[in-house]
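Student: Pasting in a structure now, in structure tokens, and then I'll have a few things to ask.
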Amino acid sequence: MPKNTKVTQREHSNEPVTESVADLLSLEHPMDYKSSQMSMGLSPGSTAPVKALIPSPDPDAEDGRPAWNNKLEYILAQVGFSVGLGNVWRFPYLCQKNGGGAYLVPYFILLILIGIPLFFLELAVGQRIRRGSIGVWNYVYPQLGGIGVSSLMVCGFVGLYYNVIIGWSIFYFFQSFQYPLPWAECPIQINGSQATGMALHVILQSRSLAEVFVVPECDKSSATTYFWYRQTLNITSSIDDTGGLNWKMVLSLLVAWILVCLAVIKGIQSSGKVMYFSSLFPYLVLFCFLVRGLMLKGAVDGIAHMFTPKLEKMLEPQVWREAATQVFFALGLGFGGVIAFSSYNKRENNCHFDAALVSVINFVTSILATLVVFAVLGFKANIMNEKCVVDNAEKIIGFLNTGVLSKELIPPHINFSHLSTEDYAEMYRVIKTVKEDIFDQLGLDSCLLEDELNKAVQGTGLAFIAFTEAMTHFPASPFWSVMFFFMLINLGLGSMIGTMTGITTPILDAFKIRKEILCVACCVIAFLLGLLFVQRSGNYFVTMFDDYSAGLPLTVVVFLENISVAWIYGTERFMQDLEDMLGFRPYSFYYYMWKYVSPAILVLLIIATVIEMAISPAGYNAWVEAEGAERFHSYPPWALAMAYSLIVVAMLPLPIVFLLRHYNLISDGSNKLSVSYRKGMMKDISNLEEQDEQRFILGKNPSEAPSPMPAPRPYLGPGGTQEMTNTNYGTSTKTGYQNIGSPESEL
């Protein structure tokens with residue numbers, strides 16, 4: 001301890017004690033205990049202790065920290081943060097890829113083993129300590145204070161590109177207010193100029209058909225694919241060619257950041273109100289799409305395909321790894337948003353119930369979104385399959401007319417004017433059997449519905465290409481398009497509010513700065529940095545950040561969160577804190593999950609992630625204009641260095657903070673505890689204050705008095721008696737909230 005602290009000066013002084021520990025913690029002026037009624041509960045002039053005349057204030061009510069207006073706002077905020085775009089376009093893809101209904105089994109098991117326990121842990125520490133991610137982990141174990149900094153940096157990386165996706169949705173949203181939809185058909189090129197919609201019909205009336213042809217890039221792909229890559233992104237053919245800024249996307253990104261800024265500028269007082277709409281509206285849209293989708297031809301085929309279990313997939317380690325990763329990110333673990341939101345709760349709030357409720361809502365939402373996606377994709381698959389049958393039937397008619405095929409090969413009951421998929425499948429089998437020697441040269445497709453349903457699509461490909469193409473076949477397609485992209489905007493906005501709260505709350509806890517100024521500054525800086533993603537090559541950088549900036553760093557962050565609470569602070573001690581805070585002791589299930597099962601699964605997940613990164617080629621899918629298709633390209637050296645630097649930069653605070661605090665080069669962070677935290681600690685040290693005051697009254701020397709540091713509860717495992725100690729700053733001390741928040745560290 002520094003020699004010039006008040007505690008040291010008091011211990012070496014012969015003067016009577018005139019300051020209480022509570023005074024030192026709250027940095028207030030010394031109190032005159034002879035005339036104080038609040039400190040000892042004495043009436044003026046009395047010499048014997050009596051009951052306090054004024055009850056102790058509630059720290060939650062008077063600590064000045066903002067609080068949720070009601071429990072519903074808080075639950076909606078947590079749901080809005082955890083339920084995001086990944087529930088709509090990542091979870092359905094994983095179901096399709098990893099065995100359909102069989103994938104739900106490992107997902108649900110891992111949700112129970114790591115999802116709910118770790119979500120409960122983050123809710124509990126945020127609510128108990130009432131600070132953001134940096135302050136929480138400085139408080140639990142200062143040497144691992146880098147956890148909060150790494151969490152904040154990952155939030156920054158993710159927020160940069162996540163809001164670009166919201167910008168894309170905003171662009172599509174405004175493009176949906178026209179009929180026909182601009183991506184419904186390929187543009188026609190006439191003497192070097194393009195035209196679509198009504199303008200095309202006017203031009204066709206005045207020009208010869210010989211001058212008209214479909215844009216080659218669109219003809220080789222599809223109308224929705226062309227609109228996405230050329231009209232929206234105007235993408236380059238490689239990451240090396242930046243192509244300059246795409247000003248349509250710059251404007252969309254600006255609108256997206258303005259929306260985010262307005263939602264978070266007043267903290268939870270503004271974001272809480274926004275959550276009523278942004279969290280609930282997506283469910284309205286999903287239910288509308290589900291009802292409409294079930295009425296479409298082929299919807300049942302899509303849902304049946306999705307839920308048909310492929311049980312053999314459950315034996316593949318890759319399926320379990322992807323299920324664990326999805327559980328991990330679906331709940332927003334490690335981002336800091338969960339901790340930040342829960343820090344605005346009262347300490348007695350039942351966060352155990354909140355953890356279970358939000359986790360179940362998240363899982364049910366993923367199932368609902370999957371039903372909607374596969375109902376619509378089943379409809380699209382039927383449309384594509386019918387188109388395939390028509391195109392190949394025309395090929396067969398041509399072969400019959402030219403004599404390549406004999407008319408005797410065609411079954412007599414087949415009518416080419418009303419050709420069903422079953423009739424085509426029968427005709428296809430006959431031709432393949434009889435003309436086996438020349439069949440490959442005919443170029444006929446099998447046109448199986450199963451093949452269309454097996455085309456796995458995720459991410460932007462699902463939202464902006466596959467789903468968008470399906471909606472062009474809906475009656476009143478502009479209405480459904482407006483609803484869909486407005487839903488995506490709200491889903492993204494809910495997640496961005498949580499991400500921004502995870503950034504601003506730790507900063508506001510540590511520094512005295514107006515939240516309005518901080519929010520505006522963060523949004524302006526993020527918009528300027530986000531210009532990287534609205535170049536013509538910006539989509540490639542979005543892919544890079546999505547692949548590298550969050551996956552491994554966040555897994556390590558949550559693993560260290562688990563270790564710091566379960567092994568350094570002590571699981572039994574943490575369970576006792578939860579009992580004091582909640583009024584009941586959580587199930588023993590959580591004890592074993594936090595101490596053994598969750599850390600083991602996270603270690604396996606980290607190892608599997610590193611192995612996956614090592615064996616998978618680092619690259620991206622580049623759009624080749626001449627082919628109208630994507631081709632995989634490896635990252636150039638500078639891009640590969642940039643990708644790996646994202647991982648390094650995000651994880652660098654962990655060893656840096658550990659070493660700096662291990663060698664006492666920086667403070668433990670407790671001197672930056674907020675006023676709200678110091679006032680909250682008043683209640684915990686009330687007994688210590690009484691001893692301090694009695695020591696003054698009885699005239700004892702300071703050297704005879706007990707140490708002012710409150711003794712922490714020892715860590716005891718189930719049935720154990722061994723006390724857990726920790727070597728901190730060169731001395732052996734007991735770990736725990738009480739140690740880190742002791743009067744010495746406070747001063």
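Placed from the backbone N, Cα and C atoms, the Cβ positions cover glycine too.
Heads up, here are the entries from TrEMBL:
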BINDING   GLY80, VAL83, ASN87, ASN362, LEU491, SER495  Na(+) binding site
COMPBIAS  722-747  compositional bias 'Polar residues'
REGION    1-21  region 'Disordered'
REGION    700-747  region 'Disordered'
TRANSMEM  74-92  transmembrane segment
TRANSMEM  104-125  transmembrane segment
TRANSMEM  146-174  transmembrane segment
TRANSMEM  249-268  transmembrane segment
TRANSMEM  280-303  transmembrane segment
TRANSMEM  323-344  transmembrane segment
TRANSMEM  356-377  transmembrane segment
TRANSMEM  479-505  transmembrane segment
TRANSMEM  517-536  transmembrane segment
TRANSMEM  548-569  transmembrane segment
TRANSMEM  589-615  transmembrane segment
TRANSMEM  635-660  transmembrane segment
Student: I need the most crowded of these binding-site residues: ASN362, SER495. Count other C-beta atoms within 10 angstroms of each C-beta and give me the top one.
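Tutor: Result of the Cβ crowding comparison: SER495.
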Student: Six or more residues out from either end of the transmembrane segment (104-125), which same-chain residues have a Cβ under 8 Å from its Cβ atoms?
Tutor: 95, 136, 140, 314, 319-320, 323-324, 326-328, 330-331, 333, 338-339, 342, 351-352, 354-356, 358-359, 363, 367, 558, 561-562, 565, 574, 578, 581, 586, 590, 593-594, 597-598, 601-602
Student: Given the binding-site residues VAL83, LEU491, which one has the fewest other C-beta atoms within 10 angstroms of its C-beta?
Tutor: VAL83
Student: Six or more residues beyond either end and a Cβ under 8 Å away: which residues meet both conditions relative to the transmembrane segment (146-174)?
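Tutor: For the transmembrane segment (146-174), the sequence-distant neighbours (Cβ-Cβ under 8 Å, at least 6 residues beyond its ends) are 85, 132-138, 232, 248-249, 252-253, 255-257, 259-260, 334-337, 460, 463-464, 468, 481-482, 485-486, 488-489, 492-493, 495-496, 499-500, 502-503, 506, 526, 529-530, 532-534, 538, 541-542, 545-546, 549-550, 553-554, 556-557, 560-561, 564, 646, 649-658.
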Student: Taking contact to mean 3 or more CB pairs closer than 8 A (sequence separation of 6 or more), are the transmembrane segment (589-615) and the transmembrane segment (280-303) in contact?
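Tutor: Contact between the transmembrane segment (589-615) and the transmembrane segment (280-303): absent.
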Student: Are the transmembrane segment (356-377) and the transmembrane segment (548-569) near each other by the rule of at least 3 C-beta pairs under 8 angstroms (pairs 6 or more apart)?
Tutor: no
Student: Other than its close neighbours in sequence, what residues sit by the transmembrane segment (517-536), given a CB gap under 8 Å and a spacing of at least six beyond its ends?
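Tutor: Same-chain residues near the transmembrane segment (517-536) but 6 or more away: 156, 159-161, 163-164, 167, 233-236, 241-246, 249-250, 252-254, 257-258, 260-261, 264-265, 500, 503-504, 507-508, 542, 545.
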Student: Around the recorded Na(+) site, report the further residues of that chain (criterion: Cβ within 8 Å of the mean position of the Cβ atoms of GLY80, VAL83, ASN87, ASN362, LEU491, SER495; site residues excluded), sequence-ordered.
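Tutor: So the additional residues around the site are VAL79, PHE81, SER82, GLY84, LEU85, GLY86, SER279, PRO282, THR365, GLY494.
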Student: Just how many other Cβ atoms lie inside 10 Å of the Cβ on GLY80 (Na(+) binding site)?
Tutor: 28
Student: As a test of the contact definition, list every same-chain residue at least 6 positions from ASN87 (Na(+) binding site) whose Cβ is closer than 8 Å to its Cβ.
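Tutor: Residues satisfying the criterion: ALA330, ASN362, THR365, SER366, ALA369, LEU491.
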Student: For the transmembrane segment (280-303) against the transmembrane segment (356-377), do we get 3 or more Cβ-Cβ pairs below 8 Å once near-sequence pairs (under 6 apart) are dropped?
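Tutor: Stretch pair touches.
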Student: Under 8 angstroms, Cβ to Cβ: which one of 323-344, 356-377, 635-660 has the largest number of such pairs with the transmembrane segment (74-92)?
Tutor: 356-377
Student: Same-chain Cβ contacts of the transmembrane segment (356-377) under 8 Å, 6 or more residues past its ends?
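Tutor: Beyond its ends, the transmembrane segment (356-377) has Cβ neighbours at 75, 78-79, 82-83, 87-89, 91-92, 95-96, 104, 107-108, 111, 115-116, 119-120, 283, 286-287, 289-290, 293-294, 296, 299, 302-303, 305-306, 330-331, 453, 457, 462, 466-467, 470-471.
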